[in-house]
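This report concerns only the one structure given below.
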Amino acid sequence: MSKEIKAQVVVLGAGPAGYSAAFRCADLGLDTVIIERYNTLGGVCLNVGCIPSKALLHVAKVIEEAKALTEHGIVFGEPKTDIDKVRLWKEKVINQLTGGLAGMAKMRKVNVVNGYGKFTGPNTIEVDGEEGKTVVTFDNAIVAAGSRPIKLPFIPHEDPRIWDSTDALELKEVPGKLLIMGGGIIGLEMATVYHSLGSKIDVVEMFDQLIPAADKDMVKVYTKRIKDKFNLMLETKVTAVEAKEDGIYVSMEGKSAPAQAERYDAVLVAIGRVPNGKLLDAEKAGLEVDERGFIRVDKQMRTNVPHIFAIGDIVGQPMLAHKGVHEGHVAAEVISGKKHYFDPKVIPSIAYTEPEVAWVGKTEKEAKAEGINYEVATFPWAASGRAIASDCADGMTKLIFDKETHRVIGGAIVGTNGGELLGEIGLAIEMGCDAEDIALTIHAHPTLHESVGLAAEVFEGTITDLPNAKAKKKK
C-alpha cells in the first residue's frame, strides 16, 4: 500500500538547484517536500560531481606542488599513494557537506523522500523508494531532476573499464594507461587527478583546441603547461571501442589518430551530459519536453503548466550548479507570490585544472560573432610580483571592453586559482562598470587579484607596470 503525502511545494531532485529551491520555499513559509534518488541530499554535484572532484584535485595539486619545489631547494621523496586513504578523504568531504544539508533540511522542516520520482498526473508524483511507494500530492512543483552522462551506442558501457565521471570519481583503481574521451572541463579535471596519481594519460578531442568554449589564447597557456604531461590528440575522434580480456582497444580517425587500435586499461567517456527530462513521465503532467530532454521555461522558471516550474540542468545550458541555485531561488520566490525573474547578465565558467581556466561574460569569439566593437586588454602574470614569487608566472588576466562605452563585457583568467579571481569581473559586468571604475579601485599588492585592476589600466592607458602602448609620444 502506498504512503500518501500532501505539500504546497514538491521539489523533484535535491542537487544544488533543488535543495536551494526547497530551502528557500521553506524559509518563505511553504510546506515543502523534496524527492531525491540518492540517500543523501546534494545530487550529482555533492555526491558524484563538483565536490568529490575538487577533493581529488586538491590532492593532485599538492602532489604536483611538492614535485615543483625540487627546483627551489626543497626535495621530497617519491610520493607513496594509499588509494584507500585518498578515497576516505574524498568521502569525508562529501559526508561533511551532505550531513550539513540534512541538518538544514531538518531545521527547516523540509520533508525528504528518498527514491525515484515520476509524475502520475498534473498534481501528483509517485516515488519508488527502498521502503515502498510514496504518492506526493502538490499544489506546486519544481522539477530539478538534473542530467546524466552521454552514452554512445558503439561503446560497451557495461564493461567496468569503461567509465563515466561517476565511475572515475569512485577511485577504485589507478589505471596504468587511461584514455579521456573529450577535452572539456570534466575530462581534463579527471586527467589532472589520475596523472598525479600515476596514470599515463591520452586525451582525444574532436575540435582543434581543448575546452572549446573558452578563447584560444587562454587555452593556449593551459595547453603549454600540460603538453608534456598528457598525450593530446586534437581534431581526432573515436570510431570504435572493443573490450578484450587484456584491455580496451580504441580505434580513432583524424589528425592525431594512431594507425592501429590503441590499448588502454580504462577509458573515461566525458563528452557531455544529457538532461533527464524524458525520464520523469512528464507527459502525464502535461509538461512539454523537447527532443533532447530539456524542459522549456520562462524567466520566472515556469513551464507550460502554470503551477509546475523547472530549474537547473534540465532547463538548458550552461549545466552549472551556480546557475541552478539562482534559478531555484527565483522559482521559490515566484511560488510565494513575489514578482522575481531570472535574468543574469553573466554566468561564470571554470575549468578547475592546473592552471585553472576561467571566464565570465562575452568571450572574444562571441564578441566577434556578434559584431561588437570591442577591445581586449591583457595583463600577463609574468609582470606580477605575486605570481613570480608563487611560481605561477605563466598566467594571464584578460578583460574585454566595449570600445564605445568602455564598459567591461567579458573577462577571462588562466592561472593558479584563476577561478577565485573571477568574481570582481562578474560583478563589474552586472553593475555596468567601465574600465575607469575598475582601474581606480585600489587592489591590494602583491596579489594575483590586482591583475584585474592592472588589465583595466592597460585599457585606460594608465599602466605603469608594463610598457604603455597608449602613452603620449615625446617630441
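Glycine is treated like the rest: Cβ placed from N, Cα and C.
Record check, Swiss-Prot: NAD(+) site residues include GLY182, GLY183, GLY184, ILE185, ILE186, GLU205, ALA270, ILE271, GLY272, ARG273, and the candidate from VAL143, VAL238, VAL315 also listed there is VAL238. Binding of NAD(+) is attributed in the record to GLY182, GLY183, GLY184, ILE185, ILE186, GLU205, VAL238, ALA270, ILE271, GLY272, ARG273, and the widest Cα separation among these residues amounts to 18 Å. Neighbour density around each Cβ, counted as other Cβ atoms within 10 Å, peaks among the recorded positions LYS54, ARG273, HIS445 at ARG273. Listed in sequence order, the residues of the same chain lying 6 or more apart from GLY184 (NAD(+) binding site) and placing their CB within less than 8 Å of its CB are GLU205, LEU210, ILE211, PRO212, ALA213, ALA270, ILE271, GLY272. Residue pair ILE186 (NAD(+) binding site) / ASP313 (FAD binding site) shows a Cα separation of 15 Å.
Cα proximity to ARG273 (NAD(+) binding site) (within 10 Å) is found for the following recorded positions from GLU36, TYR38, GLY42, CYS45, LYS54, ASP313: ASP313. Annotation for VAL44 (FAD binding site): same-chain Cβ neighbours under 8 Å, separated by at least 6 residues, are GLY15, GLY146, SER147, THR166.
Every protein chain considered, the tally of other Cβ atoms within 10 Å of the Cβ of ASP313 (FAD binding site) stands at 30.
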